[in-house]
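Trainee: I'd like to ask you about the structure that follows.
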Amino acid sequence: MTVTFIIGYIVAAVILVGLINLFVLKSRHKSKLNQSKGQQVNEESKSQNNPSKFKMSDLEQNNDAKNASSPQISEEKKRYFNNDQSHYKEGNDINNDKRKNHFEEEQEQQDPSSEQIHPEQKQTSHSLHYSDDEPRNTHSEDTVNHNDRDVNNQHLSKDSIYEPINPDSQEGRVNERIKNQNQDFVFGKGITRGKILAAMLFGMFIAILNQTLLNVALPRINTEFNISASTGQWLMTGFMLVNGILIPISAFLFNKYSYRKLFLIALVLFTIGSLVCGISTNFPIMMGGRVLQAIGAGILMPLGSNVIVTIFPPEKRGVAMGTMGIAMILAPAIGPSLSGYIVQNYDWNIMFYMMFILGLLAFLFGLAWFKIYQKTINPKADYRGIVYSTIGFGALLYGFSEAGNKGWGSTEIVIMFIIGVVFIILFAIRELTMKAPMLNLEVLKSPTYTLTTIINMVVMMSLFGGMILLPLYLQNLRGFSALDSGLLLLPGSLLMGVLGPVAGKLLDTIGLKPLALFGIAVMTYGTYELTKLNMDTSYLHIMSIYVIRSLGMAFVMMPLMTAAINALPPRLISHGNAFLNTMRQLAGSIGTAILVTVMTTQSTNHLNAFATELDKTNPVIQDHVREMAAQYGGQQGALQVILTYVNKLASIEGINDAFWIATALSVLAFVLSLFLKGKKGAEAEHDRLMSKESNKF
């Protein structure tokens, strides 16, 4: 059954990624027709209306003569650098400025209702960006040279790594407008950064909230659908697999489709999936709904950080990323309490109906406010790379997520690890040899990015494992309800949300290193305090420990992500985001697997040790049994109570041992943070990297 599910998810993920790609096939076909037609119209226009203009061959000869003494740059390479978000100026056409002025004057005369560039765009990131529902240009073909309009397809050859973009499509018109207005991206009319950020945060919030709702309701769903706990667990595991599989290919999606289009499509899929889950009457239907939810969430999560680095300059990204952290932190804190309350008082379907309504509201907000139009480059899909990535990351994520329960040495887990490693190696080799890789591993050439990514992974291993262990202690061993457990975590999460923008502002001001050292030190202390849990630890004491731990995390999580992205040149930002999010998710699964394994193994060891000490012939034990016999219906009942108590003690000791491992991971993160560069050093490294980029192209 398990192997069937794994194969089914891999096949489904590949098919679904292909389906996302299909909706542009029609525009591609039309683009090719328009391109050939445009070339014919252009030749006629040159011969009839513009006899005095240079021919392209003449211009190329002049350029060749002019640059004979300098290294030549292939047009394909220029296009790759341009479209991967650099400010390299295409061509040497001496009439560019005249045509730009002519275009703007004509647009104002014939399309006065078109949206104006928002003033805030003049101070943005280095990315080139475009739109998917810009107003259509209304100028006639005979007044504008067709080569000027076809800015998307100037350097496409038969073996090009890009697909042609239809100049009459929404993407084509936006690309043209951005080129002529010399902007990095375009806002819709009346749209500000605040509105875009608000719509984005709402979408991310519901996507993260959805991930934390199902766990509490799972036992009731298993009973209603008459399925085993292991089968029902696939509602969680499947979501995680599909979500994780999509993240590595997110850089490809962000270069191919506009942010607005991806945002709205993701919300549509998520909302439909929520409705399917709500009305489901059996496991297969609900599984289908969860897959749709996972696809939507898998697009939304990396999209948030990409949008922020697009619309905010580097010196303002810290605060913006800290604000985004509010959604990432509050949603997991609210989820368990909310789902616990719903399951205790209503039917579990209510959770998914609620997510359907929230998804619909987020979609409407997106239609109204999420109007950011960035330049797309339309790279060709690397289906072999997608298959390698899907199988490799899917197998590893599944293996680590199940290793804690099934054992690291089980045949199934070992096979998953082998498959995962083999396909990840194949994926890496392919990406390193591609002209336009789906996930550009060149990001690892930045020392700051590489180090912050490693620290991110270590922190996530400690953090995710702790998030699993604490609810187990509270609910399974201390008898607190899911609602009580969620409320205990809420103050710490609220503190993290409040401090997120503050930490971001400090990052922009003093740099990452002092923040990371302070935050990880505080987080390490809070994690260490969790190694002292017992059956009498008070509710308020645990809450205060979690608040301290959250204080540290507030100065670590989002600053680490922001500093990693800021270390990259603009053309690699989308790839850096995809790689970082993939590694964070993988690290979370690894950390959870390690800590759960330590907990279960050590709990068994402690139980065996306690059992050795519980000698029935011991006079002290016999006295306790006699005292309890009257209260618990005889000696057998008394012995059962004692054994239950001993089991709980052993489990608590196992959890404490696991928190020792989490503490050790935090110490490792602190040591690694000592090697981070200061603010001036990081800026100097970034300047050197940008200089190499300029020389390279």
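Cβ coordinates come from backbone N, Cα and C, glycine included.
Take a look at what TrEMBL says about it:
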TRANSMEM  6-25  transmembrane segment
REGION    32-76  region 'Disordered'
COMPBIAS  33-52  compositional bias 'Polar residues'
COMPBIAS  59-73  compositional bias 'Polar residues'
REGION    103-174  region 'Disordered'
COMPBIAS  117-161  compositional bias 'Basic and acidic residues'
DOMAIN    196-681  domain 'Major facilitator superfamily (MFS) profile'
TRANSMEM  234-255  transmembrane segment
TRANSMEM  262-285  transmembrane segment
TRANSMEM  291-312  transmembrane segment
TRANSMEM  350-373  transmembrane segment
TRANSMEM  413-429  transmembrane segment
TRANSMEM  449-474  transmembrane segment
TRANSMEM  486-503  transmembrane segment
TRANSMEM  510-528  transmembrane segment
TRANSMEM  540-565  transmembrane segment
TRANSMEM  586-604  transmembrane segment
TRANSMEM  658-676  transmembrane segment
Trainee: Contact between the transmembrane segment (234-255) and the transmembrane segment (291-312) is defined here as three or more C-beta pairs under 8 Å separated by at least 6 residues; is that satisfied?
Mentor: yes
Trainee: Which range wins on Cβ pairs under 8 Å with the transmembrane segment (510-528): 350-373, 540-565, 658-676?
Mentor: 540-565
Trainee: When you scan the chain for residues with a C-beta under 8 Å from the transmembrane segment (540-565), skipping those not six or more beyond its ends, what do you find?
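Mentor: Apart from its flanks, the transmembrane segment (540-565) reaches 305, 309, 317-318, 321-322, 324-325, 328-329, 448-449, 452-453, 455-456, 459, 463, 466, 470, 474, 488-489, 491-493, 495-496, 499-500, 502-504, 506-507, 511-512, 515-516, 518-527, 529-530, 533, 573, 576-577, 580, 682.
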